[in-house]
Amino acid sequence: MTTQKPFITRPGTIALYVATAIVFLLTFSPAVALAFILVFGIPLFFMHEMPAYTTTGEKIGKYIFLTICTMIFIFLITPILVIIPLSFNAEPYFTFTEGMLSLDPSAYSLRWYKDIVQFGMLDPTGTENWWSDMWNNSTWVRAARNSFFIALVSTILATAFGTLAALGLSRPEMPYRSAITSLLISPMIVPLVITATGMFFFYSQKNLFPFYPDGLSKTYLGIILAHATLGVPFVIITVTATLSGFDRSLIRASQGLGASGTTTFFKVIMPLILPGMISGALFAFITSLDEVVAVIFLADVDQRTIPRQMFSGIREQISPTILAVATLLVVMSIALLTALELLRRRSERLRGLAPS
Amino acid sequence: MKLKLLISSMALSLGMGFAGSASAAGGEITVVSWGGAYTKSQVEAYHKPWIAKTGNKIKSEDYNGGIAEIKAMVEAGNVSWDIVDVELSDAIRACDEGLLETIDHSKLPPAKDGTPATEDFIEGTLYDCAVANIVWSTIFAYDKSKMPEGPKTMADFFDTKKFPGKRGLRKGAKVNLEFALMADGVAAKDVYSVMETEEGIDRAFKKLDTIKDDVVWWEAGAQPPQLLADGEVAMTTAYNGRIFNAVAGEDKPFEIVWDGQVWDLDLWVIPKGTKNKELAMDFLGFSTGTEPLAAQASWISYGPARKSSAPLVGNYATNEKIDMAPQMPTNPENLTNAVQNNFEFWADNADQLNERFNAWLAK
Amino acid sequence: MPDPTTPILTADGTPLKAKLAQTTRQLKWKAFLLTLPLVLFVVITFVLPIGQMLYRSVHNPAGSNVVPQFAEFIQEWDGQGLPDDKYVESFVKDLAVARKNREIGKTVGNLATRVNYEMPGSRSLITSTARKAAKITEGPYLDALIKINKKWENPAIWLTLQRVSKDYTLAFYLAATDMKYDETGKIVQADDLYQIYIPILLKTLWLSAVITVLCFILAYPVSYLLSTLPLRTSNLLMILVLLPFWTSLLVRTTAWIAMLQTEGIINDALVFLGAIDDDGRIQMIYNQTGTIISMVHILLPFMILPLFSVMKTIPPSYMRAAKSMGASTFYSFRRVYFPQTIPGIAAGTLLVFILAIGYYITPALVGGNDGLLISNLIADHIKKTLNWSLGAALGTILLVVVMVFYWIYNKLVGVDNLKFG
C-alpha cells in the first residue's frame with residue numbers, strides 16, 4: 001500500500017489524448033483543445049491508486065466524481081482569473097478580441113491602468129505638479145485613499161473592542177454567553193440594507209453626537225463606525241476560535257509566578273492569540289474595503305471608496321477600467337490570502353499542530 | 001472664433017447688467033447636474049465664463065435625478081450641493097416640502113433690451129424655488145446604418161414585427177405610459193386626460209406588454225447612445241441632446257424620431273441651508289442670462305428658456321455646418337405631435353404608478 | 001469529622017459557600033466587563049439605529065406637524081359622511097398657517113405627500129387648496145373647499161385626513177403587505193395589478209432557496225474531495241475556494257458581467273463553437289438567471305467551509321467498515337457518511353440562505369427586471385421614492401424573517417461554531 005504508482009493511469013491517458021485530438025480536429029482551435037484537456041485531464045491526475053478489488057464501475061464513478069469536482073473548481077476560479085487578461089485589452093470591450101487570442105502584442109495595452117490614474121485629473125498630460133494633481137484629483141486614487149483610511153481606522157476599532165470582548169466571552173464564567181455572542185455576531189447576519197438604512201436615519205440626526213452637531217452622515221466618522229460594527233463579528237469569531245484551543249493553565253502559571261494581569265496579557269495571552277487577532281483584523285479590513293452598501297447610504301462624494309466607485313461605474317458606463325481596478329484588487333486579495341495562510345501555519349506551529 | 005466672440009460679448013454685457021451682485025472672488029460652489037454631454041454643455045456655457053468673470057471655483061458633480069439626495073442633505077442639515085439641475089415635477093415637490101431656497105425673480109438679469117426677466121422667460125418656466133434653464137425632450141432614436149428604412153412614428157417603436165429588435169426604455173412609469181398611449185393611437189393633446197382614468201392606465205400597460213420581452217431598461221442618460229452604439233438595441237428612447245451629441249460630436253449614424261416627443265423643463269434649484277447661497281444665486285442669475293442660455297444651445301440641442309436667447313442660437317460649437325435651431329425640441333416641425341410633461345399629474349400619481357410599474361416589471 | 005450542620009469557614013471567617021459565590025460573581029463581572037465596551041459600541045452603532053428604524057415604520061407625525069390643531073380636533077369626529085363645519089374650519093385655518101411654514105417636515109408638501117401615499121392622486125388637491133386657504137375667511141368652510149375642488153365632497157379624503165392625523169399608524173405595514181384602506185376606511189387587499197411586496201418577498205425566499213440548494217449540490221462533492229485528499233493537496237485546492245471568498249464582491253460581480261453578457265465570453269465561446277448563431281445569443285444576465293449564477297458563485301464558499309470542517313472530522317474508516325460488512329458504496333454513504341455530515345449541512349445551508357435573503361449589491365447590478373430581491377425595493381424606497389416609512393416597514397419585515405432563521409441557526413448549530421478558513 002505504500003508504493004505510489006504514477007498518478008496517470010495508462011488507458012485513461014491514451015483515451016484523453018485521442019479525445020483531445022478529435023476535439024482539435026473538429027474545432028481547429030488550440031484554446032478549445034486546451035480547455036478540453038484541462039477539464040478532462042485534471043481528474044485523471046487525481047485518480048489515486050485504488051485497491052486491487054476496485055471494479056471498473058467504481059473507477060468510472062470516481063473519474064466522473066473528479067470531473068464534476070474539477071468543473072466546480074473551474075466555476076469558482078475562472079471568473080476571477082478571466083478578468084486579469086481582459087483588463088489588458090487594447091479595445092474597449094469586455095471580451096477577448098481575435099488579436100488577444102492569437103497573442104498579438106498590439107492587442108494588449110496598459111491603457112485602462114493609465115485611465116485609473118488619469119481619470120479625474122485636471123491635466124493628465126502636464127508635467128508640472130503631476131504628482132500632486134494625481135494625489136488630489138484622480139478619482140480612483142482618491143477612492144483608494146478613502147478606502148484604506150476608512151478600512152484602517154475601522155479595523156483598529158473592531159480589533160481592539162472585538163479582542164477584549166472575545167477574551168470575556170471565552171471565560172468559562174461568562175454570563176449570558178450565547179445571548180451576547182448572538183448580539184455581537186448579528187451585524188454579519190442582518191441584511192446590510194437594513195443596517196445601512198438604520199444608520200442612515202440615526203446618523204442624520206442633529207444635535208445628538210458630541211462634536212458633530214450636524215450629524216454623522218456624510219462624515220468619515222460615520223462610515224468608520226459603521227464599518228467597525230460590520231467587522232466586529234469576524235474578529236469575535238476568529239479570536240474566540242484561537243482562544244478555544246488556549247490552555248488556561250498558562251494564565252494561572254503566569255499569575256502563580258507573580259505576573260500582574262497586564263503582564264500576563266501582553267507576555268502570555270497576546271503572543272498566543274496574536275495570529276487569531278491578525279486574521280480577525282484582516283477579515284475586518286477586507287470587509288471594510290469591500291463594503292459598499294453602507295457607503296452608498298452614508299457617504300458623500302468626498303468619502304467615495306473603491307467599491308462605491310466601481311458600483312456606479314458598473315451601473316452607468318461599464319468600461320474596462322473597472323476590470324483593471326478589479327485586477328488590482330484580485331492581486332491584493334492574493335497577497336492578503338497568502339498572509340493569512342502564513343499566519344495560520346504559524347499558529348498551528350505554535351500550538352503544535354504542524355501539518356503532516 | 002465665433003464662440004470666443006460670443007463669450008467675450010457675453011462677459012461684457014453681463015458686466016453691465018449684473019455688476020451689483022457680483023460676489024467676492026475666492027469662493028467655491030458645487031454645481032450638480034446630469035453628467036455626460038449635458039454637463040459638458042453647461043461647463044462650456046455657464047461654468048467657464050462665470051469662473052472667468054468672478055474668479056470663483058466650481059466643483060461639478062453628476063447625479064441621476066430625483067430629490068432623494070437633496071432631501072437627505074437638507075434634513076441632515078449638511079448641504080454640500082449648492083445648486084442642482086432638476087426636472088420640473090421634482091422641483092415642485094421639493095419646493096412644496098420646504099427643501100429649497102425661494103428665489104427672488106427680480107434679481108434675475110433682464111434681457112439686453114431691458115425686458116425684465118419675469119417677462120423674458122417663457123411662460124411656465126419661473127417658479128417660487130426654481131428657474132428653468134432649458135427645454136429638453138424624451139424622444140426615440142435608431143441606428144440609420146442598420147435600419148435605412150427606419151421607423152417614423154411612435155407606433156413603429158412598439159411594432160416589433162415591422163421593425164424587429166430590442167427596444168431601450170427608461171426604467172420607470174413616467175414618459176413610458178405617455179409613449180404607449182400615443183403609440184396606441186391617442187392624440188398628443190388627449191394623453192393626460194386618458195391617463196387620468198384607470199382604463200387609460202390599463203391601456204398603456206397593455207401596450208407596454210406587447211414589447212415587454214424585447215425591452216432593455218436604462219437609468220442614466222448616458223446609457224441609450226451607448227446601447228445603440230453597441231447594437232444592444234435596435235431603437236431606444238433617449239434625451240434628445242444625448243443623441244444629438246452622439247451624432248454631431250462622434251459621427252454616430254443615429255436618427256431622432258420627433259413624433260410623440262414628451263418635452264419637459266430642467267431647472268436650477270438651490271437646496272435649503274447651503275452655506276454658499278449668495279454665490280449660488282449669483283451663478284444661477286448668471287447662467288440663466290440671455291447669452292449663457294444661448295451659448296449652451298450651441299453645445300447641446302436643448303432649447304433656452306428665455307425668449308431673448310432664441311435669436312442668438314447659432315450653429316454647433318465644434319461644427320459650424322450644423323444649424324442648431326432644427327435640433328431643438330421646440331422647433332415647430334418637431335412639435336407636430338408632442339406632449340408637454342404634466343408635472344401635476346406626475347406629482348400626484350408617480351408613487352402609485354411606479355409601484356404598479358414595478359409590479360408589472362417583476363411579473 | 002466536621003459537623004455537617006456547621007458551615008465550612010474560610011480564613012477570614014466567612015462561610016466557604018458565600019465566599020465561593022462571591023468569587024464566582026466577581027469572575028462573572030470581570031468577564032462581563034470585558035465584553036461591555038463592545039456591547040455598548042454595538043448597541044449604539046447598530047441596535048439603536050435599527051430600533052429607531054422600527055419606530056419610524058409606525059410613527060409618522062405628518063398630520064400633527066403640519067395641521068396640529070385640526071389633527072387633535074378631528075379625532076372627535078365619528079367618521080360618518082362629511083365632517084361638521086367646525087372641523088373643516090380648523091383644517092382651513094391650520095392649512096393657511098402651514099402654507100407659510102417653510103420649516104422642514106412641517107410644510108404643506110409633507111402633509112400632501114403623506115395623504116398621497118394613502119389616497120393616490122390627492123397630493124395636488126392639498127397643495128392647491130393650501131394656496132387658496134388664506135382667502136377663505138368665513139363659513140361654511142366645507143362649501144368653500146368644494147368650490148375650490150370637487151374632490152372635497154368625497155368623504156374618503158376626510159377619513160384619510162383623520163387617519164394621517166394620528167402619529168402612530170399601521171398604514172405602512174399594510175402597504176408593505178399589499179393591503180390598503182378602502183374608501184370606507186376598511187382594510188382590504190390591494191388590487192392585483194398593484195401587488196408587489198408580498199410577491200417579491202416570496203420570490204426572494206424562493207430564489208434564496210434555489211441558490212442554497214444549488215450551493216449545496218456544488219459544495220458537497222467538493223468538500224468531500226477536499227476532506228479526503230492528503231493535507232498538502234487539499235491545502236492547495238483550498239486556495240481555489242478561499243481566493244473567491246477573499247475577492248471583492250464587486251470584482252466577482254464585474255467578472256460575471258464580463259462572462260455572461262450577450263457580447264460576453266460565454267456567448268462568444270458558444271458562437272465560436274457553433275452552438276448558437278450570432279443572432280441567437282443567450283440573455284444570461286440582467287435577469288433572474290444572472291442573479292442566480294453570480295450569487296451561487298459568491299455564496300458557494302460559505303457552504304464549502306462549514307461542510308469541509310465537519311467532513312474533516314469523519315474518520316474514513318467508518319465507510320470502509322460499512323463496505324467491508326457488505327454494504328454497497330451508495331448504501332454506506334447514505335446510512336453511514338451522510339448522517340454524520342448533517343451538522344455541516346445545517347450550518348452551511350442556513351448561513352447561505354440567511355445571507356441570500358438580504359443580498360442587495362449583486363441583484364442591483366445584474367438582476368435587471370425579474371432578478372430583483374426585497375432588499376432592492378427597500379433601498380429604492382429609502383434612496384429614490386423617499387417613502388422612508390414604507391422602506392422601514394419592509395425592512396422590519398425582512399429583519400423578522402432573517403431573525404427567525406438566525407434563531408433556528410442558533411438552536412441547531414450555535415453561533416460559537418461559525419468559522420472561516
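Cβ atoms here come from the backbone N, Cα and C positions, even for glycine.
Record features, source TrEMBL:
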- A:14-42: transmembrane segment (TRANSMEM)
- A:63-88: transmembrane segment (TRANSMEM)
- A:144-340: domain 'ABC transmembrane type-1' (DOMAIN)
- A:148-169: transmembrane segment (TRANSMEM)
- A:181-203: transmembrane segment (TRANSMEM)
- A:223-243: transmembrane segment (TRANSMEM)
- A:264-286: transmembrane segment (TRANSMEM)
- A:322-343: transmembrane segment (TRANSMEM)
Contact call for the transmembrane segment (A:63-88) and the transmembrane segment (A:14-42): at least 3 Cβ pairs under 8 Å, seq gap 6+: yes
Residues of the parent chain within Cβ reach of the transmembrane segment (A:148-169), under 8 Å, 6 or more residues beyond its termini: 177, 180-181, 184, 220, 223-229, 231-232, 234-236, 239-240, 243, 269, 273, 277, 280-281, 284-286, 288-289, 303, 305
When counting Cβ pairs under 8 Å to the transmembrane segment (A:264-286), the leader among A:14-42, A:223-243, A:322-343: A:223-243
Residue numbers, six or more beyond the limits of the transmembrane segment (A:223-243), whose CB comes under 8 Å of its CB atoms: 150-151, 153-155, 157-159, 161-163, 165-167, 169-170, 181, 184-188, 192, 195-196, 199, 216, 272-273, 275-277, 279-281, 283-285, 287-288, 291, 294-295, 298-299, 303, 347
Tertiary contacts of the transmembrane segment (A:14-42) (same chain, 6+ residues out, Cβ under 8 Å): 66-67, 70-71, 74, 101
